[in-house]
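This report concerns only the one structure given below.
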Amino acid sequence: MGSREEELRAIVRDLGISPYFLGTFDKRFPGFLHKDKLSCAIVNTAARETGGAHWLALAWFPNAKNFYFFDPFGFSDHKLKQIYQFEYEGLLRRSALAGDGCVNLVKSTETVQGPNSAACGLFCCMFLHAFVNWPDRPMTRNPTMDLLTGVPNADMMKPSSLAILRENQNQLYKFLSTHSQYFRTHRPQIERDTSFNKLLELKNQ
């Protein structure tokens, strides 16, 4: 099932991201329309009418002209397009940033989420917390994202990687429990909806 949009917006509010948050969007996200403003969004790889597929986080740091693209699976652009028919290059072209000269694309390249986990939206909230607090280094070398350990995407199904990714999800829940009143109030339901093996559970129903 994963995270509903209203859940993500409530957690974003608790994490202090709201002043910079454009909202939750489906794959038709129009891009960053104000090139001089620190801003971020959570974007689904599918159209809203399909019920959604996978959440990504996008962020814009104008001081360094950095466009951050956070995918909890760390998929390549080719794989995102292959699996979800989603490509960030088209999104960049739609954005006001496209005509602003050189834009630095900074992309997550490692997997932090288990292959059958439905917690992608929650990982995006965690990343955006890092972004609004450390916009020059939101991917690594900050107290939020350093709670997680990335593994190469090609190794995500290995038993040794699964143990690391399961611990990442535990750290994610612990982080949200510390920082989000909404998460604490609704924790049992959120953990059921986003569990580490949620996709397997759905397949076996």
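Our numbering is plain: 1 for the first residue shown, then up by one each step along the chain.
Including glycine, each Cβ sits where the backbone N, Cα and C put it.
Annotated active site per Swiss-Prot: HIS54 (among others), in sequence order. Residue density at HIS54 (active site): 22 other Cβ atoms are found within 10 A of its Cβ, drawing on all protein chains shown.
Following the DSSP three-state reduction, the secondary structure of ASP71 (active site) is coil. Cβ-based neighbour count (10 Å, all protein chains) for ASP71 (active site) stands at 30. The active site annotation in Swiss-Prot covers ASP71 (among others).
For CYS120 (among others), the entry in Swiss-Prot reads active site, with the evidence type sequence analysis. All chains included, 24 other C-beta atoms sit within 10 angstroms of the C-beta of CYS120 (active site).
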Spacing of the two Cα atoms, CYS120 (active site) and HIS54 (active site), in whole angstrom, works out to 7
